[in-house]
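Notes follow the structure.
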Amino acid sequence: MSRAESSWERLVNAALRRDRTGGVAGGNQSSIVGYVPSSLSNNRDIDAILRAADEIQDEDPNIARILCEHGYSLAQNLDPNSEGRGVLQFKTGLMSVIKQKLAKREVGTIDRSQDILRLQEFYRLYREKNNVDTLKEEEKQLRESGAFTDELERKTVKRKRVFATLKVLGSVLEQLAKEIPEELKHVIDSDAAMSEDTIAYNIIPLDAPVTTNATTTFPEVQAAVAALKYFPGLPKLPPDFPIPATRTADMLDFLHYIFGFQKDSVSNQREHIVLLLANEQSRLNIPEETEPKLDDAAVRKVFLKSLENYIKWCDYLCIQPAWSNLEAINGDKKLLFLSLYFLIWGEAANIRFLPECLCYIFHHMVREMDEILRQQVARPAESCMPVDSRGSDDGVSFLDHVIAPLYGVVSAEAFNNDNGRAPHSAWRNYDDFNEYFWSLHSFELGWPWRTSSSFFQKPIPRKKLKTGRAKHRGKTSFVEHRTFLHLYHSFHRLWIFLAMMFQALAIIAFNKDDLTSRKTLLQILSLGPTFVVMKFSESVLEVIMMYGAYSTTRRLAVSRIFLRFIWFGLASVFISFLYVKSLKAPNSDSPIVQLYLIVIAIYGGVQFFFSILMRIPTCHNIANKCDRWPVIRFFKWMRQERHYVGRGMYERTSDFIKYLLFWLVVLSAKFSFAYFLQIKPLVGPTRMIVKQNNIPYSWHDFVSRKNYNALTVASLWAPVVAIYLLDIHIFYTIFSAFLGFLLGARDRLGEIRSLEAIHKLFEEFPGAFMRALHVPLTNRTSDTSHQTVDKKNKVDAAHFAPFWNQIIKSLREEDYITDFEMELLLMPKNSGRLELVQWPLFLLSSKILLAKEIAAESNSQEEILERIERDDYMKYAVEEVYHTLKLVLTETLEAEGRLWVERIYEDIQTSLKERNIHHDFQLNKLSLVITRVTALLGILKENETPEHAKGAIKALQDLYDVMRLDILTFNMRGHYETWNLLTQAWNEGRLFTKLKWPKDPELKALVKRLYSLFTIKDSAAHVPRNLEARRRLQFFTNSLFMDVPPPKSVRKMLSFSVFTPYYSEVVLYSMAELTKRNEDGISILFYLQKIYPDEWKNFLARIGRDENALEGDLDNERDILELRFWASYRGQTLARTVRGMMYYRKALMLQSYLERKAGNDATDAEGFELSPEARAQADLKFTYVVTCQIYGRQKEDQKPEAVDIALLMQRNEALRIAYIDVVDSPKEGKSHTEYYSKLVKADISGKDKEIYSIKLPGDPKLGEGKPENQNHAIVFTRGNAIQTIDMNQDNYFEEALKMRNLLEEFDRDHGIRPPTILGVREHVFTGSVSSLASFMSNQETSFVTLGQRVLAKPLKIRMHYGHPDVFDRVFHITRGGISKASRVINISEDIFAGFNTTLRQGNVTHHEYIQVGKGRDVGLNQIALFEGKVAGGNGEQVLSRDVYRLGQLLDFFRMMSFFFTTVGFYLCTMLTVLTVYIFLYGRAYLALSGVGATIRERAILLDDTALSAALNAQFLFQIGVFTAVPMVLGFILEQGFLQAIVSFITMQFQLCTVFFTFSLGTRTHYFGRTILHGGARYQATGRGFVVKHIKFSENYRLYSRSHFVKAMEVILLLVVYLAYGNDEAGAVSYILLTVSSWFLAVSWLFAPYLFNPAGFEWQKVVEDFKEWTNWLFYRGGIGVKGAESWEAWWEEELSHIRTLSGRIMETILSLRFFIFQYGIVYKLKLQGSDTSFAVYGWSWVAFAMIIVLFKVFTFSQKISVNFQLLLRFIQGLSLLMALAGIIVAVVLTPLSVTDIFACVLAFIPTGWGILSIACAWKPVLKRMGMWKSIRSLARLYDALMGMLIFLPVALCSWFPFVSTFQTRMMFNQAFSRGLEISLILAGDNPNSGL
């Protein structure tokens, strides 16, 4: 054996050992081969053969060897040269296994005929050993018996495994043997027929009907299957067309044949259509015929829903649909069309993002099919003519001929986007291709495709073009140019409105004393020119923005753009001309003034008329009726482009009035604030400044002096104008928060917010549950009589109990409660003989003992009853004990004993009735009775033994003695002593000697419950103690009282899928990951044990370990696996998500199981998970698909993620995994890559079993990864709805019970249109980890609850935000899917689903009676990356056509709602920061120009009201107060007022204002940079547990350009203002005006270190400094990353500046840094009063000298290696000369020391400005050879900035209390729960097991 083979064999053996030892933990991988390479996987026999070999290798290694050899020969035949990826390794490994088996075999040559005989003999032996003939019959008998036990499950698994092995053995025999004995051949065929259910299927076994799957027995499924069968009108299929023997041909087989669809795609869509039809039928009625038939109504509804978009498309293009008359089409034809559409959609791959393209394809294929339908025999369609005329099983004719040409051009364009770096205008995205089909021009493409059309023209790759500009076909109808002008282009109505209102308010403010004069009237009339000029600006932008799309855009659309341009151009010129002439007119009666008024009136009237006609909902019908008039149609077309999307986006009148009133209130507040506090106070100062003609300027002024001091006025008004633009968002936030609070209160949110409330209201829960979550019952009456109410309460409790108990059990399984707490919380079945309701023990515990004390202390019966009835649960406890004890005793005792008990109870009843209880019984001795009864019950609850029987008799006799001697009074005692029968039995010793031991389960449960009631002494007021368990129970019980749609039965509910995209995140923590320590000595497991100590103890108890056990004590595989799951369920892992989502299936099984049972049995949930009918019903209604994009590659690379995913499939039988399989196979001597979309499930051997494999036209990832991942797998989803779930989300069993209620919202009235997206509330479960996590959690919670509540209603503008919303699945899959995928522009892919829905006349709602868990980022760096990603995504949204169309086509008030809750929020955030800059640069101008001092001297600005108002508004926005307002109101609503105040104050102590200010900078930087330069990309933020210390250099790299540089600029401005613009009397004024700016700067500089764990520990700080200096001075190079070298990082930071426009913008923005030098040099004492420009010129000479000195001292050591001494001499001499020059200047000239510092202050920003401009023009500087000098300068600046930040951190680290405070501040929540964060951070791990 060669060395390579030997090494490979060792690797294989190691892998085999790992697989065997990790069997439980990692899934049952085959021990012969773990993975068959994808290039061989198309032959599925290999995998099956190797599995069979694995199965039998222990029984007969020789047979296993034969199978392995056959598998090897198949692999060799498929790929003889081993060219496929992984094939060589696979074959080598398999050969080594074969050689091992041969080595163990007896010596001799291999006789193939002998092997065949052995194989035949083994087949017979294997059948006999496993009792094959009786195996299936035994399972059938077990199943029919209804005994759903583990035995049944075991039998089923065994049968499947045996028959799967037999099938492989028979198949191999048939392939190896030339002849097989006839008898054996018959047996093999018979066994193969019995192995039918080993054939892979998804939900319904349509191609292989099986007896073990109950879905096929449902009448609605049978009806749906029957409806698809071949009908008489269909041409006959060729006789050789393969149809499975287990079913007859259907219409999908017909379509498969004529169009060449793929076999698996047809099978997939067959099941899809069957389920759609069956579920629709079940909602109408259940067919009861012998041969069930579908109702026409069900077919019609599915047909219209699925083809609604196609019908609208035909209507839009004014073409006849594929049918002439819809009503004339019969059901069979509708199903044929429906099947064709879904087959097209199912195989369309990336073309699914082009819904109207699919309409085009469907339109032509239907017409082509109609031609074929006229024939007798089916023939392949010309457009999809397969190579094999019979229609191959795996034919891909449709894929090759229809989809591939489209995919080819789409992929070519996508490749040309240069991985997202190319401008959007340079390539066609998905929307461009789709919108081509919005015009009749698309029909020029013909059918079959005319591939010579320019539409199919592929661009020349950019890399092959020297200029870098690719020739390409133009964009379609919209071009995403990268510019801020899109904000005006899309929302021009808002900006026009704000500008005109500002102008009007200013005119009123300046003329407030003379509002009725002609002058004022003419000024107000200036609004006319303002309007038309701004409209003209918008039309100019339309012309500019369409550049790049003119050649391909419809001529009509282009004509409209230029008509509008001409119209508004002429209107603006004409109206402006008239206005100017009116100003010169002598009086108001002048003809020109009158003409102007008439023109304005007409123009305004027409504008107003069409606004009403097209924007007001009630006028839409009128507008549509007016379309027959050409003039009206023309004006409507001119005013609003008629796109396919965006039509009819109006709401009903009542909804319109609601959001209109909301915005009127907001706008009234906003403009009142603007007028009284912003504009009006500036009127006087403005007039005075304008009048000042002799203001001395201290510098050389160019602009302001001779122009009414224009720049001074601008510096005064600029911050006010900035705040004017953004404060509307402030008022929106405040009013929406209060409205959301009121709406939440109306919806009854937060009514149950404590355990006390649960206790108090528990008796109302059963009734509320029956009303809200249970289907109506016939035996539940509405009669209100006392007896009927009691009966109804009993029925309600009985039906509520199984659901409540399952909730409690799930809490225990999740380790949130202890076993004892579970016992207290569980509710009795309430279905027994007791007529009263039995409540859970946690309500009744200790109540009996308290009642005993009350009875002993009270003096009368009335007092006893009055005191007991004060507490309802005490009353219930007493009643239950009283009646239950009687039942137990009478059932246990016989003869005289039973008579005695009955007599006692009769006497008690008589005494109570006569109110003589105190006279007849000595209640002060009740404790004696309770003691004896408790002793008796303690014995009876055990199993019967002779000793227990004696003990019970003794206890009864003691009880008898106590009753006779102690309890009964003298009078009552006499009655019993004279009772001869009893006395005789007692005297003879017969009394109580015969006992009937309680063996009945119900009676035994009563005994145990009674015992608990007597023995539990502690109050259960704090049960459960776990905060998460409390929260969940509180929310669930609260939701029972909310407005929930009444549910339908599971059978009639809407079906749905859950869909989770996954890439490579953590699936399940391994033990290595859990126990690995970080640099602080902390492991994940140790962290979790400290964070969740109670849950850790509960876990140990659940697996049967002592609570002090260490993880090292868990030595068996089962416990280790449970530990891995326990830890994973507390992280943000796929395992947690899968567990949560599979609760849907569990809930549906429970609901279905109980609904199917009748009478009292309907309350017994025992065995519901084993019921085949319940499982089948749940599978029909629920599907869970996780789309693991690279699962195939992970399997191939044997990644642990693949093993863990397989394990999840084993544990969750309904879980389906979809993935993209990349198959590298040789073709014509070259490696050819093919892509398949595959769906797998777990099989009986624990491996994944392929269900469907659908070939794709190419690599599916053409755009953004996540939506492409979703798109390829969406074909495997099922149902009417689909819930999008991220892999960091969770779900809860109690919430899953409400899913069918939520789905009923689709049929509820939510406006003029039915809902298409149902919004779902989220709970952020990571909020308790740290203060940062709580900030994010609270911020997120306020948005997903209060914020979205208002957006949905009344604003009617809620979108989809990537949260767990439920989509109308059919609506969305026929309209482009649940997300958009174009590269970069759709980086925030989820929100575009909401945009698309709204544009396509959908409706998005929000519902808060159900919630889903969600994890959030918990570290500052994670949060910053996440917020940067979202801000960048919003920057891209600004450029998108969706935002443009929504901004243009929504009515004005919905448009404002849309703007301020999407991109407007980020614009206002950016304006908040810009306001600081505007204010400070304005103050710097006043200070440096000298104007500020003059103004102060002349007391012009005595009133700072406007500026103060502006700065206060900015500061409040800055520190997050308007994030906090919704948060606080949400707290008040759901936690109560006091707790809300405590939470808010706590947040302030935790420095939440610093965090929100810091976040402001993050959003501003990424939003602005994305619009300017692009560069938005998906950020993998990481979802781990963050308690580790972040290094200084890492923080510096992340925040240097986004925060630190900007903070330094703010500080420079503040210092300049302090130095030159402030006098001694103005100190208070300076502080008041600049406090927000100082706070912002300090927050931006030091927040990363304040929120850095151990950020102020001295040792860490020292290590950080060393690491930072190493990074700073380490030179970069090829392959060096930014984390390793400053140079590499610096180059990365400049990579986003790529375009000429970007370089110009950066240059313009950088010019601001030169203001410092220009202003400061004129303030130097050296220049005196000279204000000539020469002073500024000499300052540049000085700066040049400094640069020369810098170059001298940074001269390259490599270059100077030969003249080091000379260089040192020159450097020393230069330094001495510089110092001497400064000293001489200070001594001999007016230059002062302060002037030197002033020069430093001036030159630092100048240097940075030069550096910024140089970076923008990097290619030019490189060609000039100056780049190294620039890099040296940049390093110096970063070094200085780093030191300025580092010094305060180091200083604080000297004081230990700072570190203590920081730890307390960061982890306060953890401390409040008794956590040991200080121990965690110190790394003092006491756990020896780690």
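Positions of Cβ are set from backbone N, Cα and C atoms, glycine also.
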Taking the topological domains recorded in Swiss-Prot, do Arg518 and Gly1402 share a side of the membrane?
-> no
Would you confirm whether the transmembrane segment (524-544) and the transmembrane segment (1839-1859) meet the contact rule of 3 or more C-beta pairs below 8 angstroms, pairs 6 or more apart in sequence?
-> no
Across the whole of the topological domain 'Cytoplasmic' (1-489), what does the mean pLDDT come to? Round it, please.
-> 80
Residues of the topological domain 'Extracellular' (1652-1703) by DSSP state, where helix covers H, G and I | 28 helix, 0 strand, 24 coil
Beyond the flanks of the topological domain 'Cytoplasmic' (1534-1539) by 6 or more, those residues with Cβ under 8 Å of it = 744, 749-750, 753, 1345
Residue list, the topological domain 'Extracellular' (680-722) vs rest of chain: Cβ under 8 Å, 6 or more residues beyond ends.
-> 502, 509-510, 512, 1471, 1474-1475, 1478-1479, 1481-1483, 1485-1486, 1488-1491, 1494-1495, 1498, 1500-1501, 1503, 1505-1507, 1509-1511, 1514, 1718-1719, 1722-1723, 1731-1733, 1735-1736
Summary of DSSP states over the topological domain 'Extracellular' (680-722), given as helix, strand and coil counts = 25 helix, 0 strand, 18 coil
Near the topological domain 'Extracellular' (582-591), which same-chain residues lie under 8 Å Cβ to Cβ, leaving out any that are not at least 6 residues past its ends?
-> 518, 521-522, 525
